[in-house]
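K.L.:
Checked TrEMBL, it gives:
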type     : residues : note
DOMAIN   : 43-334   : domain 'Ammonium transporter AmtB-like'
TRANSMEM : 12-31    : transmembrane segment
TRANSMEM : 43-63    : transmembrane segment
TRANSMEM : 75-94    : transmembrane segment
TRANSMEM : 106-125  : transmembrane segment
TRANSMEM : 161-182  : transmembrane segment
TRANSMEM : 194-213  : transmembrane segment
TRANSMEM : 225-246  : transmembrane segment
TRANSMEM : 280-301  : transmembrane segment
TRANSMEM : 313-336  : transmembrane segment
Amino acid sequence: MASKYRNFRNSVPWLLLVLEAVFIILFYFFFSGVDVITSDFHTAFQDVSHMVIFGFGFFLSFLKRYGLSSIGFNLLIVVLGVQWSVLIEGFLFLSHSAKEDYLRRIIKAAVSVTAVVISFAAILGKANPVQLVVMTIMEIAAFHVSRWINNILQIADSATMMHVHLFGAYFGLAASCSFPALQPSSEKNADTPTSSLLSVLGTLFLWVFWPSFNSALAVEKKNGIIYSTYFALAVSAVTAFALSVLTTKDGKLSMAHIHRATLAGGVAVGYAADSIQYPWIAMILGLLATVIAILGSHFLQRSLPPAIKIRDVSGVHFTFGLPAVLGALAHLILYII
């Protein structure tokens with residue numbers, strides 16, 4: 001134990017301090033004297049910050065051995081990732097970002113960091129702090145390169161930013177293949193009533209702020225996106241309660257289902273929100289996303305052969321990955337129609 005502590009002390013602090021020094025130098029040379037355009041992004045900034053820090057922080061606290069560390073490392077990922085994301089945004093989108101409000105830049109950076117937080121959920125309890133920091137740097141760079149490619153293809157920036165769920169889920173699942181799977185009976189995979197309660201509290205935070213998250217970067221149809229997201233989440237929550245009772249052996253509610261599936265509608269509708277004209281379309285997406293989240297985790301994961309088992313600690317494949325795929329398909333269909 002002492003040896004691990006010395007390794008932690010010798011590597012992590014210096015890595016963080018070196019990164020922070022590099023960030024400060026880069027901000028000094030590349031972000032000095034930029035004109036600030038005044039605009040009203042304060043509400044969106046607060047909502048996205050609450051969702052990313054409080055919502056995901058508590059959402060990841062369900063493992064008893066990693067409850068406090070998951071909250072702490074989530075904050076570390078967010079604050080490091082936001083700085084790095086602003087820098088990458090400036091380098092790749094220099095002509096566009098120079099005209100942007102500072103708060104809008106931070107909002108876009110916070111949304112980008114969501115991809116890393118989702119990936120962190122897939123490897124929770126497996127990766128050490130150094131690996132998490134390296135993953136944060138690499139994933140944010142990769143995410144912005146994908147945005148840059150989408151920009152060349154003339155895809156709207158608001159739609160491009162909303163693929164953080166898809167990108168984060170499958171980046172995390174790919175990264176999880178490099179780590180050994182946690183055994184169901186392992187102490188590392190256990191939870192407690194307190195940790196489960198905190199995790200459900202995180203779900204409630206995410207549920208409340210998800211409409212603001214989906215609409216944070218929208219220039220047009222902002223109210224419509226909030227409207228569609230809320231009804232998708234509402235139908236998703238109702239469906240989660242119903243399917244939870246139907247799929248459990250004793251006919252009782254499973255908080256694991258409520259914890260994961262109530263957010264699936266918000267994920268699915270986020271990708272297609274600017275294409276949705278009627279609330280019933282969002283409600284159908286919320287229903288289908290929850291069906292995929294619960295029935296997928298109930299049947300699909302069990303039917304996969306051992307060679308391709310998904311090593312998913314937090315269920316991000318069914319909470320974020322597959323609903324995001326559904327949202328992308330819905331966006332394509334609605335765009336063609």
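Using the three backbone atoms N, Cα and C, a Cβ is placed for every residue, glycine included.
Since the structure is predicted, the reported quantities are computational estimates derived from the model, not experimental observations.
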K.L.:
Quickly jot the same-chain residues contacting the transmembrane segment (280-301) by Cβ under 8 Å, restricted to those at least six beyond its ends, or write none.
P.N.:
227-229, 231-236, 239-240, 243-244, 247, 257, 260-262, 264-269, 272-273, 309-310, 312, 315, 317-319, 322-323, 326-327, 330, 334
K.L.:
Can you tell me which parts of the same chain pack against the transmembrane segment (225-246), counting only residues 6+ beyond its ends and a CB-CB cutoff under 8 A?
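P.N.:
Same-chain contacts beyond the flanks: 207, 210-212, 214-215, 218, 252-254, 257-258, 261-266, 268-270, 273-274, 276, 279, 281-283, 285-287, 289-291, 293-295.
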K.L.:
Below 8 Å between Cβ atoms, which of the listed ranges 12-31, 43-63, 75-94, 106-125, 161-182 makes the most pairs with the transmembrane segment (194-213)?
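P.N.:
Comparing 12-31, 43-63, 75-94, 106-125, 161-182: 43-63 has the most Cβ pairs near the transmembrane segment (194-213).
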